[in-house]
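If you look up TrEMBL, you'll see B:20-440 marked as domain 'DUF112'. Summarising the annotation, TrEMBL assigns transmembrane segment to B:45-71, B:111-137, B:149-165, B:172-188, B:208-225, B:323-344, B:356-380, B:392-408, B:465-489.
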Amino acid sequence: MQRPIRKLLLASSLVFAASQSYAFEPSRTAECIAPANPGGGWDFTCRSVGKVLTDLKYIEGNVQTVNMPGAGGGVAFAHTVSKREGDESLIVAASTATTTRLAQGQFAGLNSDQVRWVGALGADYGVIAVASDSPYKSLNELFAAIKEEPTSVKFGGGSAAGGWDHLKVLIAAKADGVENLPKIKYLAYNGGAEAITQVVGGHIQAFTGDVSEVLGFVESGDLRVLAVMSEERLPGEYAGMPTAVEQGIQAIAPNWRGFYLPAGISDDAYNWWTETVDGIYASDEWKAVMQQNGLMPFHKSGEEFTTFVNQQVQDIRDLSIEIGLIK
Amino acid sequence: METISYLLQGFAVALTPENLMFAAIGAMLGTLIGALPGLGPANGVAILIPLAFSLGLSPASSLILLTAVYAGAMYGGRISSILLNIPGDEPAMMTTLDGYPMAMKGKAAEALAISAIASFIGSLLATIGLIILAPILARFALQFGPAEYFALFSLAFATLGGITGKNPVKTIVAAALGLMIATVGVDITTGNQRYTYNILELYEGVDFIIAIVGLFAISELLFFIEKHIGEGAGRATLNKLNLKMKDIIEILPTSLRGSLLGFVSGVLPGAGASLGSFISYTLEKRIVGEKGNFGEGDPRGVAAPEAGNNAAANGALVPMLTLGVPGSGTTAVLLAMLISLNIQPGPMLFQQNAELVWGVIAALLVGNIMLLLLNIPMVGVFVKLLSIPPKYLMPVVTLVAAVGIYSISNSALDLYFMVGFGLLGYLLRKLDVPLVPVILGMLLGPEMERNLRHALSISDGDWRILFSSGLSIGIWIVAFLGLALPYIIGPVLRRRMERARARLEVEEEGD
């Protein structure tokens, strides 16, 4: 019994040494963890990127999507940190929701530097909208009313209190010089569409969410977009929507879609994945996916992305402390 | 006109080969589940939910499979009622009254065929009712603010007594238990954690699919183990079918009346299929009067309750789809499934998920035709399946449940939860505490809480907002009636149902 095991160990250490001396060779198959149930945004990120990875032959075999819901991504994050260290064929879908929860310490004390951030492949930008019969015609007017009486405008969005939809309002309000941010009322709904219905029905005054959520309602004439929170106007059918920046409010809120990798992987592997993400983003296949699903241009990878994530975590942490959500 | 074009779209979804197959499988399994004494439609659907997850079905396919099971169970319940005088499920109880005497006279095949046709008519008419009524109700969508939703969920809880209640205190205990379990997780109104003890898996609360599978399916297994039920229900023989056109025409008016009554009692939250079949039967008896020989094997006595309970089953989908308030125990289970698929039922469903809703409605129509075909020429197969000993069946059920639950989130903790809920379900059933209120508490509790807090947030703390619109006042009135009526009328009805059955048994003994 002893001998075969020793042989096996020897063989595997040889293989290990061999793989070290060559540049990273991706495994035949890969795994993508979507930290939510099928049907959500992360599930979409995994499945669409997985398909492009295979189609473009980055990965020879299949990219299997594994759904791991729980704690808004926390279960998958903890799993990646504690059980998958050094696994070079694993990617995990992430978005601004991930950084928000990391910033607010909602992943049971885990931090953003316990994984390797590889890149983002598009974004959905924040938007603030009102019903089409609302008296507010611009973001400035809306915030003017709030400055006068903080409870006069109730915002509704699809994330929990303190979540990204709530934070967008605060980011914009802060940029416009609104004081007393904790007084701004935010109602949490199960999803963007539910909140929009409440705005259109006249039960609450304003909607905060992502731009892809409002498009149908803007086209049907139910909603008026006061501001999109992007650097510049968005392309295509979104071109008619004004930005916050245009109105003198420096508020930018991308809800990016990207990935992280487990810690403990080789630099070669990290670089391979970074280049792969760049390659996917530049491909026609991915452009078609973005077009079909209303994803907006947004791309960062490698070091730049890691810096961006850390900055976003820091900004959200500061804002959350300011509104008294965390200490 | 809009409705028709939506319905055509729905057929485009329902008639894909894949979905046709799922409808057929669901109809088969549903009929089987309905036929097996003890396994009712709620259990049947609960058992198959994990199957839908482990197969990784799309939302539309999952729902088509499960509604087909639901419809099938309503058909299947009558088989053991007629052949063995044991109702396959509660709504099929009234069918024993005339179905079994018919079988005793050697007309079992005719009774089965007549009941299948009546079931078909009931289902068909109720589906048409659903098609007409649902979009009208859904149009109220925008009027529903948090105050109205709060009133609506209160209505759902108020009518609980009607769905389950033999013992009001036990119903309240069960609902409170569900509400308590529902508070676990992150409170989305404030972002605070409640009862999570820093366990990441608890942040999003307890998944009600796991609770349902545990409470219904696993506890069923425990009961089987306890009772040592190893043998199948007795063998039943079937005569050769001899059904004439005249016989079918004779039961047509009965079936139409039964369908209408059944549909109405299904739409009313809290009434459900048992009431549908009961009212249909008693009314038919009164209309036919002396001319009939009810209780001695009158075909109309088979047609009326079957049309009634199938119509009620489809009628119960109306409040479930349009308002998010289940009309019966089984629709509560279906509601849980919808929410797990990221589909929020309620007034917006028809606008946001038109394709899915209409796909399911179209599948109901298609499934109904399949069920008719399955249940007349192939009824012999189900009769044979009745004699399969449960000792072979239950392990399969458990296996499917475990694999399905694990495949939802790849978490072993979920399996422990499932077993835990199984034990809880076993205990509750031993104590005669109904299970459906537990599920409803878990499903509707968080929504109710959130809407109350939203309403008060909007009004800056003024409680009068809860009664500030005509719609909310109307819902409150219905809720009050729903709370009061079952306690006034319910016992009377239930006593009558039992008396009718008791009388029949006495007469039998007298023969």
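Backbone N, Cα and C atoms are what each Cβ position is placed from, and that goes for glycine too.
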Tally Cβ pairs under 8 Å between the transmembrane segment (B:392-408) and each listed stretch (B:45-71, B:172-188, B:208-225, B:323-344, B:356-380), then give the stretch with the top tally.
B:45-71
Looking at B:172-188, B:208-225, B:465-489, which one has the highest count of Cβ pairs under 8 angstroms to the transmembrane segment (B:45-71)?
B:208-225
What parts of the chain pack near the transmembrane segment (B:356-380), using Cβ distances under 8 Å and only residues at least 6 beyond its ends?
6-7, 9-11, 13-15, 19-20, 23-24, 26-28, 31, 59-60, 63-64, 67-68, 71-72, 75, 79, 109, 112-113, 116-117, 119-120, 123-124, 127, 130-131, 134, 238, 241, 314, 317, 321, 343, 349-350
Beyond the flanks of the transmembrane segment (B:172-188) by at least 6 residues, Cβ under 8 Å:
157, 160, 164, 194-196, 202-206, 211, 428, 433-443, 445-446, 450
Take the domain 'DUF112' (B:20-440) and average the pLDDT across it for me.
82
